[in-house]
Amino acid sequence: MSIKIKSPGTVANLVCGFDILGLALDKPYDIMEFELIDTPGVVIENRDDFNLPTDPENNVAGVVLLAALEKAGINKGIKVVIEKHIKPGSGLGSSAASAAGAAVGANKLLGNIFSRDELVQLAMIGEKLATGVKHADNITPCILGGITLIRSIHPLDIVPLASPDLYVTVVHPQIEVRTSDARQILRKQVYLKDAIKQWGNIAGLVAGFMSNDKDLIGRSMEDVIIEPVRSILIPAFDEVKQKCKEAGALGGGISGSGPSIFMLSDAEATAQKVGEIMKSVYDGLGIENYVYVTTINKNGVEEIA
Ligand SMILES: Nc1ncnc2c1ncn2[C@@H]1O[C@H](COP(=O)(O)OP(=O)(O)O)[C@@H](O)[C@H]1O
Ligand SMILES: N[C@@H](CCOP(=O)(O)O)C(=O)O
């Protein structure tokens with residue numbers, strides 16, 4: 001018996017919601033195929049050029065599958081074939097797609113024995129391997145689809161939010177920023193005046209999603225804590241952001257830990273125009289880049305034929 005799933009890319013943080021907000025994308029996505037095998041343990045076959053580890057202890061899908069087998073308490077193994085399209089270190093939840101895909105794939109193979117929260121807990125083991133931290137802001141929208149809020153990690157408290165019909169434009173300049181590195185450069189303390197601004201924006205953004213208030217969504221996507229530090233790792237960040245907003249994007253910023261930049265728009269024509277602007281900035285700098293004009297994925301990890 002084998003199961004094939006597609007596991008979507010994600011945009012974590014949504015600018016002001018570091019480690020707590022995220023959305024799933026219709027593009028790009030990974031494909032993973034799982035098979036129950038008689039030999040205990042995990043076998044990984046990577047079908048891509050990313051040189052990712054095949055040793056299960058060093059692959060985010062591997063550690064999640066090992067944990068799922070142990071939790072299920074069965075004397076079997078799982079083979080997984082990973083067709084990865086989300087480039088590692090892109091800021092588009094590459095590690096989360098493998099971790100979340102592995103949790104959901106194992107669950108389907110083992111007869112749907114895990115709850116939603118157990119799936120997220122299992123997938124967080126993969127994120128811990130990739131980034132050193134158990135953050136769930138990519139994993140949760142990847143598993144559930146739509147836009148999600150992690151109100152708390154301990155105890156886990158997931159709040160699915162409403163997903164307005166918005167277009168998402170993403171540019172991935174082809175430089176690698178490891179999430180673990182992009183976390184290490186962050187300051188550990190914040191000024192109260194910055195915290196006040198930040199929680200105003202987070203509350204505004206959540207209210208904007210729930211009430212489909214696009215202007216509120218746009219003006220709440222402001223980050224006075226993380227973006228000023230991380231944006232220095234991304235060439236032409238300010239220029240891209242300013243030009244996209246002038247072209248009519250509601251707002252946006254760094255996708256996850258970068259280097260990808262995302263923008264939300266309420267019309268497809270605007271989203272396309274934004275993509276052209278992003279491309280022209282990076283083409284002008286001679287930086288290879290890839291642009292996605294897509295929508296919010298409402299289903300999360302799903303089985304395919
Ligand atoms: N199955 C996997 N998919 C993606 N990255 C993996 C996988 N297994 C291990 N890794 C490691 O995780 C890191 C990429 O994760 P991360 O820096 O969080 O990138 P992203 O922001 O794209 O998720 C790389 O060091 C990569 O080698
Ligand atoms: N909240 C995390 C999200 C990392 O997302 P990724 O797509 O870059 O893995 C962070 O900002 O560190």
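Every residue gets a Cβ built from N, Cα and C, even glycine.
Computed from a predicted structure; not experimentally measured.
The feature domain 'GHMP kinase N-terminal' is assigned by TrEMBL to 64-146. Per TrEMBL, the feature ATP binding site maps to K87, P88, G89, S90, G91, L92, G93, S94, S95, A96, A97. The domain 'GHMP kinase C-terminal' annotation in TrEMBL covers 207-283.
Feature map: TrEMBL annotations on the structure.
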residue: K87; record: ATP binding site; CB count, 10 Å: 19
residue: G89; record: ATP binding site; CB count, 10 Å: 23
residue: G91; record: ATP binding site; CB count, 10 Å: 31
residue: G93; record: ATP binding site; CB count, 10 Å: 33
residue: S95; record: ATP binding site; CB count, 10 Å: 26
residue: A97; record: ATP binding site; CB count, 10 Å: 34
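Report note: the ATP site is defined by K87, P88, G89, S90, G91, L92, G93, S94, S95, A96, A97, and the residues of the same chain whose CB lies within 8 Å of the CB centroid of those residues, excluding them, are G9, I86, G256. Checking the binding-site residues G91, G93, A97 for a CB within less than 6 Å of any atom of ligand 2 leaves G91, G93, listed in sequence order. Look at G89 (ATP binding site): DSSP puts it in coil. Applying DSSP to the domain 'GHMP kinase C-terminal' (207-283) sorts its residues as follows: 45 helix, 9 strand, 23 coil. The DSSP secondary structure for S95 (ATP binding site) is helix.
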